[in-house]
Structures are given as C-alpha cells and as structure tokens.
Amino acid sequence: MAPGMDNTTDSGSSSARRSRSGSPDLIASNAGTALPYATRSALHLKGLVPSGVENFAVQEQRALEQLNMKSTNLEKYIFLSWLRSTNINLFYRLVLHNLKAIAPVIYTPTVGQACQEYSHIYPFLAPPNAVDGLYIPLNEVDNIDEIIQNYKESTAEGDEPEITVITDGSRILGLGDLGMNGMGIPVGKLQLYVAAAGLNPDRCLPIVLDFGTDTEKYLEDPLYLGIRQHRPKDEAFYAAANRVIEALHSAFPKMFIQFEDFSTDHAFGLLDHWREKALCFNDDIQGTGCVVLGGFISAVSQAGIPAKDQRILFVGAGSAGVGVAKQLVDYFIIEHKIPEEQAKAMFWFVDSRGMITANRGDKLAQHKVYFARQDNGNTQCKSLEETLEYVKPTALIGLSTIHKAFSEKILTRLNEMNSTARPIVFPLSNPDTKAECTFEEAMRCTNNRVLFASGTAFPEYTIPGTQDVVVPGQANNLYCFPPIGLGAVLSKPVWITDTMIFAVAKALANSLSKDEKALGELYPRIERVRETSAQLAAAFVHQAVREGLARDDKWIALVKANPTTSATSKSPDGTYSSAVLDEVRRYMWLPAENYEQLKNSLPHYHHHPAVSHAGSEKL
C-alpha cells in the first residue's frame, strides 16, 4: 500500500504490520506530528501524543537535524533505517531532497560496513517483528511456499510485489562472503529503485538466501544471525536456489527479479538459466555493463582517436568485468559496425595470474574463455605492468577490488603511451578502500588529461595554477538499474535482452545536458537522477515494444501510436517519444507533501496532484 492511501484499520491489521509501526493506522504512522487534531480524536490519540501539529517540511527539518548530529555514517545508516521502518513517507522525502548526501549512506560505501555489522545492528534497524523482506535458510527451502504465504499475510491486500532484489551474500561489493549479513544490499538497492525511479516502496521485496557462509569470522561470531554452516556445493546450491526462484515466479509471475552479489560462477549460472524463463536481471553483470557503456560512449567521443583504434585493458575478470566487456563489444558491433571478432580483439584481461590467454597453462573459468587471447604466441605477461607494456592500451578499466592497482607508475606510463589522445581510466571497484586509484591520482599522473569514471564517489579536483575545479565521473549503477526496473515493471517484457540494456546505455549517454557536455563530463549530475531515470525507462519501454517482447497492452499501444524515428527498426538507439516519457513520469511514485495529499493519494504508481504531466515535482 502506498503511503498516501487512506485505510483506517486496527493495530493488528496487515497494513499496520506492513508499515512496521505501532500506530493504529497507516496514515497516522506516516503523518506523525502532522496528523490533524480532529483526526487524532477520531483515532483515539488525544492526549497520547504532543499537541503541536506540524507540516511535513518541519518534520523533514527535524529529521535532517538529527541525521547531521550522528558522528559516523554507520550511525546515520541506523537512524535512516529506523525512520524508514516507522515513517516511510518522511524517509523518502528526506532522501529525495538530499539524494547526493544520503545515497552514499543508504548504499555504497556505507552499506558495505552496515552489511559487515548487520547481525550486530539488526535489532536497531526497525521495531521488533518488522517485516522487511524474506530470509530464506537453506534448511527451510522445502517450506518456501509457506514462507511466501507468510509474507503475503504480512502485507496489505493488493500489495503484490512488483520487484525483488535477491542475494545469497556470497560476494558483497568487494568485501567477500558475508552470508546472511548481505541482506543490507537488497534493502539498500530497493531504496534506490524507489528514490531514483519511483518504484512503489510497498511493492518492493528484498530477499536473502541464507545458504551459509565460508567466512569463519561469522561462523564463530556469537551474534551472527544466519545459519551456522559452510556453503553447499554447486549441485545443492542450484537445486535450492532454483526451487526458491520457481516458487517466487509461480507466486508472483509478473515480478521483476534482480540477482545481486552472487559469487561469479553462480551469478552467470543463475542468469543463464533464468534469463529467458522469467523477467530477471543481474545488476553486477548487466547493470554495471550498462552504466559503464553509457560513460564509455561519452569518453570515446572525447578521446581524440577513432573508436576502432581503442585498445582496452581490463584488470579483474569476475562477473562484473566480463559483463562490462561484453556490452562494450556489442557497442562497437552495433554503433561502429565493427565485426564481432575484430571488436573482441580490442580487449585484453588481467587476472591474478596475469594476462588471460588461451595457452597460459591453467584451466580458465568458463566466463573467461571468450576474451582469452589467442594471438599472443609464446608471450605470457605475469603482471599488470608487463601487460601494460605489451598491450599499450588507450583505456584502463578496473574491476579487480585491488586497492591502488593503478599505481602512479601505471598511470604515468598510460599517459605517455597516449600522448596524442586522452587516456580513459575507469577504476570501478567498490567501496573506496578497493578502488584501483583516486581521481586526484589519475589527474596528476595524466597532466589533467584523463577521461575518468569511478565506481565510488571521489571529491572534486582543483587543478593547481588554474584553480579550475573538475568534477569526477562516477559510473554509478544508480543511473541504470532503477530505470531498467521501472521499464520492466511497466512494459512487462517476456525477458530482458542485451539490446534493451544497450538502449538504456545509449539513452544515458544522450541524457547529458548542454552544460554537462561543455564541461566534458561523462555522466549527468546525480541530482538529476529522477529526470534521467524517466528518460531511460522510456527508452527501455520503446525498445521492448520494438522487439515485440512487451506484454502490457497499454504501453504497446502508446509506443505504436507515438513512434520515434527508428520505429521501423529494432536497432537500440535509445530514443523515446515525449508521450511515452510523460506517461512514465506520471507513474513514478512520490512521497506526499502534506497530510491531505497523504490521505487522498492513490496507491501503486498514481502520482500526486502536485506532479504535472511534464514531471515537475512540488516537494
């Protein structure tokens, strides 16, 4: 149920449990001190709360004051989690009005620490017995139907989930196997779906598969809340994971499923198995590739050499790295008409053993085989330094989780190798303690010529002498996964194709404002993320209809009635019509701005009266 829906029920109602508040009414719990005096009387709250009646802006001011008083980001995380659990409307007002400051608290980098401490802070994130998602232990997989039914009974009638983010905690960010503690990732990710793309918060379902952990620290921690056993072998893992997904797909057949932070082999295995069977997506593989592609398109246009002459060296060959590279290959094939084998030959990979080649002498993981070099003869490079000298790359992309892997020596040599073109440096590992280099290091070592995008946020850099301030690009998945989710929820494609993802990346590159382009930036400012999310979701919907895979009649009819210039082609050019964009904006959820709006607003993607068809927001 949306925060604005009027549904007065007793304190034992499903809506009250869903809002995780002790208040006798969902409206009351989200109105808080803004609840009118007459309504307090009707709800028998007279004398039970302070007499002052405030507006939502004052509530927001108080919440921001309290947030800023917290001395650490983890304390801020705990405060915000409790606020979301008790007053979801105020929480999202605070997030939307302070997104640049709060996004790093509710997600990376702070969510990494929150996950590491999750079992220790869990009781303080929400009131007791709050329902915030599904915790599915390995030994309860046979009871998955009962677990899903329990979840249904805890929600308001009609609040069937439209989207889930599911993890097993085996590869959380760059922090490794955190077991059940990884639940912080689905929770945080879904908050960004709501904030950035207007997914309805009451129709979001975070899930952790508590299949054990191989991290002894947690198995020995007396406060650890997950099952205390090592992870199952592959056969048992896939049997259990597939049983869960089958049950979820059966219970909620239209639900969009996002796989998140699974180990590399399992990430590819689950996506390969389910991709054409259910509406699903892996942000580590497809989302990271999408956002990097969007920035890379912008970087190539500014690099000063033809696209066909790019030589791209990846450091790190996990699911994210290979996923990114495959999408860049598709870009060169589709956009620049380069044959696949020639496009693939523009890429080199370095892993812990050195440059990946077909004749290196070790058994390569299956996902590495595609990019294994076969033209190296007897040359084997054992390190990044050796590979750099061998490849002489124009672009260096890091997804290694190795802090400072791009040393000053590496960056300086890259700059020397690209004296007539601007070098591209994308250190994409998260959090900042795993980043391959900082923005300042990249600027200093390339004489301020670098085309830069990172996975984590870095501060602006002031160029000595000129005092010019340069804003670093951040290849933040926040630009792509929310609009992909929104576009999928709206158009309901049979499955999500590579060309739908490509259309979103093209739309991201096209979304830069004139000012952003003039400054040489690779991504739009994060403050515009709701605007860009609407544009990217509209591009996704158009592409899903073009490919004949959309299943929602309304969106099919709207796209066909408002074709773009490429309507006769299935080529993913990232275009969209103003009519589709306006309708996407209309469906994006927003928190209420006052009590009357909270009381009268409709649930499930119906916008508030303050939102115009042009998407302007009076918040």
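Please read every residue number as a count from 1 along the shown chain.
Using the three backbone atoms N, Cα and C, a Cβ is placed for every residue, glycine included.
Nobody curates TrEMBL annotations by hand; they come from automatic prediction.
Taken from TrEMBL, the feature region 'Disordered' covers 1-26. Annotation source TrEMBL lists domain 'Malic enzyme N-terminal' at 84-275. Under the heading active site, proton donor, TrEMBL lists Y107. Positions annotated as (S)-malate binding site by TrEMBL: R171, N430, N476. Look at TrEMBL and you will find K189 tagged as active site, proton acceptor.
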Across all protein chains shown, the one of the recorded positions R171, K189 with the most other Cβ atoms within 10 Å of its Cβ is K189
Mean per-residue pLDDT in the domain 'Malic enzyme N-terminal' (84-275) works out to 95
All chains considered, the count of other Cβ atoms within 10 Å of the Cβ of N430 ((S)-malate binding site) is 25
Near Y107 (active site, proton donor) (Cα-Cα within 10 Å), the recorded positions in question, chosen from R171, K189, N430, N476, are K189
A 10 Å Cα radius around the residue listed as 'active site, proton acceptor' captures, of the binding-site residues R171, N430, N476, exactly none
Residues near N476 ((S)-malate binding site) by Cβ (under 8 Å) yet at least 6 apart in sequence within the same chain, in sequence order, are V291, G455, A457, Y523, I526
Span of R171, N430, N476 as binders of (S)-malate, largest Cα separation rounded to whole Å, comes out at 18
